[in-house]
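Enquirer: Reproduced below are the annotations present in TrEMBL:
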DOMAIN    B:33-148  domain 'Acyl-coenzyme A oxidase N-terminal'
BINDING   B:THR154, B:GLY193  FAD binding site
DOMAIN    B:290-452  domain 'Acyl-CoA oxidase C-alpha1'
ACT_SITE  B:GLU437  active site, proton acceptor
DOMAIN    B:489-668  domain 'Acyl-CoA oxidase C-terminal'
There are 2 protein chains.
Amino acid sequence: MEAQKANTFSPNSLGQDVNPDLDIERKNISFTIERLTNILDGGAENTKIRREVEAVLQADPEFSQENQYFQNQNERYENAIRKSVYFLQKKAEMGWKEDGPEQKYCYRFLSNDLAFNIHIVFMKSILALGTSEQINKWIPLAKKYFIIGTYAQTELGHGSNLRGLETTATFDVATQEFILNTPSFSAMKWWPGDLGRSATHAVVFAQLYLKERCYGMHPFIVQIRSLRDHSPAQGITIGDIGPKMGFQNIDNGFLILKNVRVPKENMLARFSQVLPDGQYKKQGSEKINYLTMIVIRVTMIQTEIVPNLMKACTIAIRYSVVRRQSELKPGDPEAKILDYQTQQQKLFPQLAAVYAFHFLCDYLQDIFNRCYNHTKEGKFDLLPEVHALAAGIKVITTEYCSAGVEVCRRACGGHGYSLLSGLPSIYERLVASCTYEGENTVLLLQTARFLIKCYGMAQMGQPVPSSVAYFSSISFGKCQAQEKKDFLNPDIYIDAYKHRAFRIIENVAIKLQQLVQSGKAQHEAWNQCTVQLARAAMVHSHYIVVQKFAEALEKFAKESAIQRVLKNLCDLFALHGIFSNAGDFMQDEYFSTDQIDRVTETYLDLLAVIRRDAVPLVDAFDFSDACLNSALGSYDGHVYRRLYEWAKKSPTNHQDNRVFKTYLKPLFQNALSKL
Amino acid sequence: MEAQKANTFSPNSLGQDVNPDLDIERKNISFTIERLTNILDGGAENTKIRREVEAVLQADPEFSQENQYFQNQNERYENAIRKSVYFLQKKAEMGWKEDGPEQKYCYRFLSNDLAFNIHIVFMKSILALGTSEQINKWIPLAKKYFIIGTYAQTELGHGSNLRGLETTATFDVATQEFILNTPSFSAMKWWPGDLGRSATHAVVFAQLYLKERCYGMHPFIVQIRSLRDHSPAQGITIGDIGPKMGFQNIDNGFLILKNVRVPKENMLARFSQVLPDGQYKKQGSEKINYLTMIVIRVTMIQTEIVPNLMKACTIAIRYSVVRRQSELKPGDPEAKILDYQTQQQKLFPQLAAVYAFHFLCDYLQDIFNRCYNHTKEGKFDLLPEVHALAAGIKVITTEYCSAGVEVCRRACGGHGYSLLSGLPSIYERLVASCTYEGENTVLLLQTARFLIKCYGMAQMGQPVPSSVAYFSSISFGKCQAQEKKDFLNPDIYIDAYKHRAFRIIENVAIKLQQLVQSGKAQHEAWNQCTVQLARAAMVHSHYIVVQKFAEALEKFAKESAIQRVLKNLCDLFALHGIFSNAGDFMQDEYFSTDQIDRVTETYLDLLAVIRRDAVPLVDAFDFSDACLNSALGSYDGHVYRRLYEWAKKSPTNHQDNRVFKTYLKPLFQNALSKL
């Protein structure tokens with residue numbers, strides 16, 4: 001019943017009836033869906049605001065996503081610009097503030113369809129790197145979209161290694177200007193969003209040259225297009241980078257600078273200044289900028305990564321109780337595919353991961369807030385740990401969620417290949433997060449560097465940060481669990497994850513040490529260990545996820561029904577991880593073959609337990625049909641009718657018969673006399 | 001040198017020079033690339049024919065793939081029809097026969113761009129299921145494309161379970177016609193290629209009803225569109241299923257039949273006939289049809305699955321020696337990303353898999369041929385084994401190759417998301433193969449059924465088919481390898497794979513037995529074991545791949561250089577499998593923790609060994625630039641110039657300024673007075 005309430009505003013073009021195969025899944029639910037929705041939203045008040053926002057956006061035909069899957073890149077871009085500009089009016093009209101609670105719910109509903117995401121980063125970079133004069137000059141204009149900015153850092157030949165960027169900015173004392181140049185093909189700016197066809201300004205990162213000496217990378221505000229007619233500014237070559245997987249709404253662009261002059265005031269000068277005579281002056285600590293990077297990662301996990309896996313689970317699980325295929329029992333009608341163990345084994349670990357990552361986000365936000373408060377007091381002590389944690393968590397969430405979406409998509413069989421399922425576009429969008437905001441392998445190695453350092457400290461008896469406290473406390477031994485039910489004890493599996501992480505980190509730390517002792521240079525030894533170092537960072541992050549999920553359960557001690565379903569998911573997440581990585585857990589015979597066999601059985605038993613709650617658990621995510629935009633996943637479960645109705649609208653069905661006349665008719669004529 | 005010869009016909013719009021970073025990889029090659037190319041082609045004569053065919057197609061501007069990534073679904077379809085019709089003329093002109101050696105090389109070059117793939121299946125089904133009169137009537141017309149056919153089996157609600165199909169064909173004795181109907185939404189035909197906008201005829205599968213009794217699924221030839229004006233035939237509703245991942249060139253369609261009448265002669269009647277009075281008559285054995293299904297799978301692995309991973313490896317490995325990022329040694333220039341262990345760990349297992357699967361195809365073709373010859377003599381003894389083998393191999397190759405392409409794509413960082421890299425379209429195309437021609441989970445369970453049966457036979461001392469001979473011969477023990485070099489002995493790792501497979505199959509066989517003994521119904525017990533059964537089929541197939549790769553090495557005893565590089569790849573493939581699935585191999589302590597650690601070290605060492613041969617190993621695949629169609633993967637390595645040149649051609653760069661005028665200019669005007 002709660003579930004229906006949660007969706008009362010869903011428009012339902014196919015009528016109010018629900019497919020009985022889906023309807024029955026919503027009978028006799030063992031927990032209150034609405035309560036779980038509130039938990040996921042962070043409180044009933046948030047749920048209320050979210051629904052109000054969604055209802056407003058949904059009721060406005062300007063925001064319809066109906067034809068999205070039929071549009072080409074140019075149409076998607078134009079649509080995004082139109083919606084984004086209209087959205088500004090709408091926000092003003094509704095009185096929704098930039099920093100108000102509505103903002104993130106708008107994003108949840110509209111994100112795939114908006115432009116100007118990098119314009120936000122443009123503003124954030126000015127706020128972070130600019131002086132107060134610079135902020136006062138640019139931010140009011142940018143906030144009202146009187147100018148549109150982009151963040152031009154990445155180059156065609158340079159991504160992760162910022163020191164390798166080639167763009168130059170040379171100070172000309174005579175005119176008090178910086179002269180910006182793109183010295184080679186590989187130096188052109190490439191990928192920035194909003195650059196290709198929209199932006200008027202850019203924060204351009206370039207190597208600063210003063211009197212022929214390089215001072216490293218600095219940010220410059222550059223006008224790149226005319227505000228009057230949008231033509232490229234002098235010395236600027238600019239364009240769109242062309243077709244790509246996903247992000248059709250965004251005009252990722254390229255930018256070539258040839259002797260582009262900007263006034264001295266355009267170097268963002270909060271942390272370093274160029275004096276009129278060309279002298280360089282540093283001021284303050286740039287460490288604080290790490291916070292910006294971290295907060296971007298935290299926000300993207302919360303608003304982009306986890307919600308997209310939620311959507312995919314909703315679509316795949318609802319479809320799997322509507323789709324019937326073959327018989328489970330000979331002579332019976334065809335069975336729901338969700339009743340097959342193999343289908344459960346595909347989908348439920350993804351569902352468990354969504355919930356695991358949801359609670360992980362809460363933890364990450366908490367520790368980030370603590371770090372932020374320390375920093376405000378001038379203490380940077382928590383920064384390395386939070387940086388390492390956020391990097392590792394960015395990797396594990398993006399890897400698991402993008403792989404998970406693809407599992408969900410493929411679990412829908414042929415229909416998962418139809419764009420109308422909604423799943424291909426979710427995958428395209430999500431998998432890119434493995435690369436942007438820090439390429440995952442690069443990030444893992446950053447986390448690994450932190451872990452190796454902490455391991456060394458722990459070995460020397462020094463205190464270590466809390467997330468790696470187990471480096472000091474671990475005692476080698478074997479898993480004590482005997483019976484199947486023992487493996488449902490969080491203490492048992494948390495210890496197992498801890499042991500696994502410690503063993504892998506220690507292994508590679510020792511290898512690294514041995515290589516150096518055997519005469520290898522430090523950098524060479526490091527490179528020979530990077531596969532294992534990356535793995536170490538991953539298994540450490542995996543441990544954090546399991547530990548924080550189990551911890552979160554304690555908060556629901558007074559709500560036994562909610563706690564029970566969440567506990568099942570936590571157990572599943574943890575046991576699936578052991579089942580899928582048994583070798584790690586069998587090191588040093590921590591787990592015996594028998595114990596692993598029992599883990600497997602316990603894990604498989606859990607699939608059948610979660611089966612009963614599967615639909616309510618995705619209903620709790622409370623995505624409206626308009627937001628899901630999936631022919632397979634809508635609340636009423638009328639999958640086949642919707643696929644057919646939507647397909648009929650496809651442009652492939654609205655062509656003249658030119659192809660027939662030109663190419664086929666001349667062939668077919670030959671058959672006329674014979675048939 | 002050989003490599004250059006192999007590409008002499010490559011057009012090179014950017015000049016004849018090769019990027020020095022790529023050029024140096026082709027110096028001092030340890031083996032003869034041309035010889036390896038010949039081996040992959042199945043002989044130097046084949047290489048010659050292939051290159052001649054490719055040269056002809058490449059020289060013809062009608063076959064250019066230049067704008068492929070810029071086209072929308074309608075354009076891709078029209079383009080495919082145009083090329084396919086032109087290709088008919090070209091083949092006639094060149095004297096290339098349907099069954100000639102050129103055919104498969106044309107496909108290698110053109111496949112992404114052609115239509116009428118299902119027309120071929122239409123013909124094959126008539127040849128397999130039709131009487132000689134039917135064959136004589138339809139095949140000559142179809143062969144010349146005077147009619148275009150499709151194969152209408154899958155329904156909107158029914159894929160894998162053919163018995164569940166709902167379409168009906170009821171015999172009307174009065175008119176001697178069959179009346180075909182689509183009784184529900186879920187019964188409409190959905191997905192058949194060439195159906196949406198091209199085909200005039202279809203082989204429609206329907207439940208045959210004679211005097212109100214159902215005789216199961218039968219094939220009927222139905223005319224669905226007019227040859228004269230292409231309008232739908234009476235009672236036919238037909239269209240395109242709309243946007244989808246990949247296969248934009250194909251018009252996958254839907255088909256609804258309402259009292260469509262076809263004459264009695266249109267039921268394909270090789271195996272069953274309806275007599276004029278409505279009596280049903282069966283004749284011959286349909287078992288032979290399994291061969292058709294198997295041969296389709298064998299062909300698709302050879303011509304579609306493996307070549308696409310070859311392409312992805314070529315693109316990613318060439319790009320990885322051109323792309324430089326960060327420093328390996330402080331103060332050095334940025335390093336080639338292929339010199340990082342983490343990059344090698346991503347790409348080389350894919351490269352090894354390509355070679356493994358190439359030799360696996362040879363084995364599969366051999367055993368299929370043997371089976372075919374037996375069948376011609378009326379002996380069906382090999383059929384179950386070959387069916388199980390081909391199903392398992394279809395699964396392992398499609399799973400590994402599609403996952404491998406995605407690894408290659410992501411290993412190219414941001415540029416892997418550009419369609420111009422060629423990689424997204426390869427992934428889209430390849431991953432679909434996990435679903436079509438037998439959904440992978442369904443196929444694994446078919447293979448598992450065979451394995452469980454053979455396990456039972458072996459337990460009772462009965463003889464078993466050769467591919468599962470190890471069921472009878474296995475002796476439990478532990479791996480005897482001690483030193484790192486021992487793990488490079490194929491006998492050691494083949495035994496390990498054999499032990500792993502046997503242990504997992506035995507485990508699930510015992511579980512199945514216990515469940516039944518404990519009172520579970522057979523079908524219930526089976527469902528409770530399916531996750532493990534699917535896994536059993538997978539690890540058995542994995543064993544076959546390793547075993548056949550190692551066997552293939554023996555053929556090159558007289559060519560030490562070739563044998564050495566292939567042996568490295570075989571070792572890598574085998575050890576990567578152990579490294580990635582250590583838990584399986586540690587069961588019963590077959591491998592100890594120490595041994596696993598040594599496998600890991602041996603595996604990581606091999607990455608550095610293969611590094612030297614990486615570029616020559618992909619050059620040996622001998623894809624011309626036109627065939628690869630990748631800005632990242634071309635022979636000359638001018639990645640950045642090509643990305644830029646291609647992006648400039650994108651339609652996103654050839655729009656008027658309507659978007660600016662309509663949406664942005666009104667905003668920007670407000671800034672004019674302030675900047």
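Glycine is treated like the rest: Cβ placed from N, Cα and C.
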Enquirer: Taking only same-chain residues 6+ apart in sequence, whose CB is under 8 Å from that of B:THR154 (FAD binding site), what do you get?
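Expert: In sequence order, the residues whose Cβ lies under 8 Å from that of B:THR154 (FAD binding site) (at least 6 apart) are B:LYS189, B:TRP190, B:TRP191, B:PRO192.
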Enquirer: Sub-8 Å Cβ contact with chain A: please pick out which of the recorded positions B:THR154, B:GLY193, B:GLU437 have it.
Expert: B:THR154
Enquirer: I'd like the Cβ neighbour count for B:GLY193 (FAD binding site), meaning other Cβ atoms within 10 Å of its Cβ, all protein chains included.
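Expert: So the number of other Cβ atoms within 10 Å of B:GLY193 (FAD binding site) is 24.
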Enquirer: Counting only residues 6+ away in sequence within the same chain, which have a CB under 8 Å from the CB of the residue listed as 'active site, proton acceptor'?
Expert: B:ILE296, B:ARG297, B:MET300, B:LYS394
Enquirer: Indicate whether B:GLU437 (active site, proton acceptor) is helix, strand or coil by DSSP.
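Expert: Its secondary structure by DSSP: coil.
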Enquirer: Across the domain 'Acyl-coenzyme A oxidase N-terminal' (B:33-148), what does the pLDDT come to on average, as a whole number?
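Expert: Mean pLDDT across the domain 'Acyl-coenzyme A oxidase N-terminal' (B:33-148) comes out at 96.
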